[in-house]
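Enquirer: Below are the structure tokens for one structure; questions will follow.
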Amino acid sequence: LAELVLETWDLQCERNGREHRTAEMCGQQLVVRRGQPFAIALRFSGRPFQEGVDKLAFDIETGPCPIETSGTKSHFALTDVPEEAAWSAVLQEQDGDSVLVSLCSPPNARVGRYGLTVEISTGYEGSSYHIGHFVLLFNAWHPEDAVFLREEEERREYILSQQGLIYQGSSDYITSIPWNFGQFEDGILPICLELLDTNPKFLRDQDRDCSRRNDPVYIGRVVSAMVNCNDEDRGVLAGRWDNQYGDGMSPMAWIGSVDILKRWKKLGCQPVKYGQCWVFAAVACTVMRCLGIPSRVVTNYNSAHDTNGNLVIDRYLSETGQEERRSRDMIWNFHCWVESWMARPDLAPGYDGWQALDPTPQEKSEGVFCCGPAPVRAVKEGDLQLRFDIPFVFAEVNADVVYWVVGNDGTQKKTTRSSVVGKSISTKSVGKDSREDITHTYKYPEGSAEEREVFAKAEHERSSLQQEDEGLHLRIKLSDGANNGCDFDVFAVVSNNSGTERLCRLMLCARTASYNGTVGPQCGMKDLPDLTLEPWAEQRVPLHILYQDYGENLTQDNFIKVVALLTEYQTGDVVVAVRDILVQNPEIKIRV
């Protein structure tokens, strides 16, 4: 029997693109959604394919180090019946020298760019052909996919729609701006995949990162971190709030995500200047929709930034009613973040659905440079202990505002609490250009018994969370000479209050920061990826902060914010310490 030779092949981009709703992305390469079959045509020379005599098998690989056990590599032979939980290939039809083969991934396959190889063997003779690449995306149309969305109208709005509205203004005067998400425009998909390959988790452990790309929760967390550049992670956008935009674009000037993502790529993955909350949220929404995760931009009015985690925004007034700045808690007119739709198998039942992701850097839970995904249901119910970053999002929409009247003698008198935070939470309606109010998904009606109940539960959980002895403790100390100006040292003091050795990563970062919470450039950084903590021991890790690195970035209001982040590898637990130093140039005083 003559050898079976593969002469030509066709990945059927047009047909598959139409069936997988990826046609606009299929200009350069095949793009398909997971769990759904796609057809490829193989044409042989010499003789036709003979079932039972010739064997066909396929290899797919993704990432730089594909491994079967990590789900980034698979070898599968032609079968009669597709297998639900694994990659499969089924002979669909045969016409003379050509066969049409239907390939299908499991609905929990890793997303990303794959290489495809076909192996042909007859008896002991065989040859293999690399027949190209394809990109695999999440599939909201597949009931077994973690991002499955039931309503077709919603899938069209939250995955396929490239135009949207973002709400701004104030709760009394809501305005909207149009935005071009442009997730299917030329070159955007490769940029989104490059963003995944630029993230620090990939650079630290490529195999582990690629093996976790089947999970929209993980992808959401990565995207939330990568849209901003507040880690030294080559993020997409630099944030700026001081009206000094001369060396870049004003955040108000952008009208879509495409230009931003293309500039980031053109700059060699260096941050694009400048973004504010709606720009960060819109770019994250583009990336998530591009990867196939249903997403929308939401706007919260009177959005609280509760810096000390007590769920209360303290405002201080003189006896004549003038506001005094004694608290670093803030309320912003509006703040935007992203919601993405996904299952949460990592949590107890009941938390699937919309998850809040906040990619804006300076407004994150203390020291963690990505926020979410936080189940919106957990925010409504006050379940602060669940992952990820729920206390911060809860405070954004629920913090109570307490006004204190400060007498001339310095005494403080507490006035009644008022509920102004978390108003008119808004997103674009499905299928039309009107506003949908989704406040009820985040909170019970103001003043209702349920609302007070949830707030009391959250306060209780917050205090018990703070009292928990995690075994690892972290605090930031200042050197004695810190108030003498110029260069100074800070120390991360790490304690292991347990009987077992702990292997951790410690990151220490210092940044200039202004009174409204906006963070400026970094002025000190230390990353110790392998810190071994002996049982019942304490270590001091110094960070030297040089005047030459921070001096020119200070204004008279500026702080230096020092953040220490301790991550234990075995549990994934993170301990954070934050300390603000008030700098009076060149004198340094500690703000207690």
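Every residue, even glycine, has its Cβ placed from backbone N, Cα and C.
These came from TrEMBL, pasted as-is:
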DOMAIN    269-361  domain 'Transglutaminase-like'
ACT_SITE  CYS277  active site
ACT_SITE  HIS335  active site
ACT_SITE  ASP358  active site
BINDING   ASN398, ASP400, GLU446, GLU451  Ca(2+) binding site
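Are these features on the surface or tucked inside, and what are their neighbours?
Expert: Model confidence over the domain 'Transglutaminase-like' (269-361) stands at 87, taken as the mean pLDDT rounded to a whole number.
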Enquirer: Using CYS277 (active site) as the reference point, find which of the recorded positions HIS335, ASP358, ASN398, ASP400, GLU451 has the shortest Cα-to-Cα distance to it.
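Expert: Closest candidate to CYS277 (active site), judged by Cα separation, is HIS335.
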Enquirer: By a 10 A CB contact count over all chains shown, which of the recorded positions listed here is most packed: ASP358, ASP400, GLU446, GLU451?
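Expert: Of the recorded positions ASP358, ASP400, GLU446, GLU451, the highest Cβ count within 10 Å belongs to ASP358.
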Enquirer: From the Cα of ASP358 (active site) across to the Cα of ASP400 (Ca(2+) binding site), what is the distance in angstrom?
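Expert: Distance between the two Cα atoms comes out at 21 Å.
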Enquirer: Would you say which of the recorded positions CYS277, HIS335, ASN398 has the most Cβ atoms within 10 Å of its own Cβ?
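Expert: Checking each of CYS277, HIS335, ASN398, the winner is CYS277.
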